[in-house]
Amino acid sequence: MEVNLLQYEKKYHNYIVAGVDEAGRGSLVGPVVASAVIIDKADIIPGIKDSKKLSKNKREILYERITSNYVWSTAIIAHTEIDNINILEATKKACAIAVANLSLKPQKILVDGNMKFSDIRFISIINGDNLSLSIAAASIIAKVTRDRLMLELSAEFPQYLWHKNYGYGTREHIEAIKTHGLSSYHRRSFKSC
């Protein structure tokens, strides 16, 4: 059965709604990226869904359409700050910055996951990238943005195969760490590192 991705946007139809999602939370390397998107309910872009369910090519196409047609913002928290404040706090900070940087101020903020925020406008939705079009759009922006950053870092450190694993703890990545040690972009706070 196809899930209605506009159910939360319809529930809060009297409000300006932003969807927020992150990419890179479980990675061993690099930043965490959060994006916030306010969709235009009168101009729904077809094909938007959770970024993990889309091919790389489809994500790139939708990224261009979303960033050309909707209000959006992205925030990046570096690996060094993740090590200083922990990944959960870094993710929450990235989400809050992405929302604060939107050119239109949302009244309701739908966030993927179960994070708790002091700002009462934030509404956490477990599996939100599969339940809200706004969150799904944000998941695409966050993933494409972070993947592009990881491709740049991979050119500097090709031995870790970040162009394939994007910094996640694949067998090849763990073996590269054992062989070459940690790069300057690895998160020291992660047990795998």
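Positions of Cβ are set from backbone N, Cα and C atoms, glycine also.
Feature annotations, courtesy of Swiss-Prot:
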DOMAIN    15-193  domain 'RNase H type-2'
BINDING   ASP21, GLU22, ASP112  divalent metal cation binding site
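The structure, with features from Swiss-Prot marked on it.
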residue: ASP21; record: divalent metal cation binding site; CB count, 10 Å: 31
residue: GLU22; record: divalent metal cation binding site; CB count, 10 Å: 27
residue: ASP112; record: divalent metal cation binding site; CB count, 10 Å: 26
For the divalent metal cation site given as ASP21, GLU22, ASP112, which other residues of the same chain have their Cβ within 8 Å of the site's Cβ centre? VAL20, ALA23, ALA34, SER35, CYS95, VAL111, GLY113, GLY128, ASP129, ILE135, ALA138, SER139, ALA142
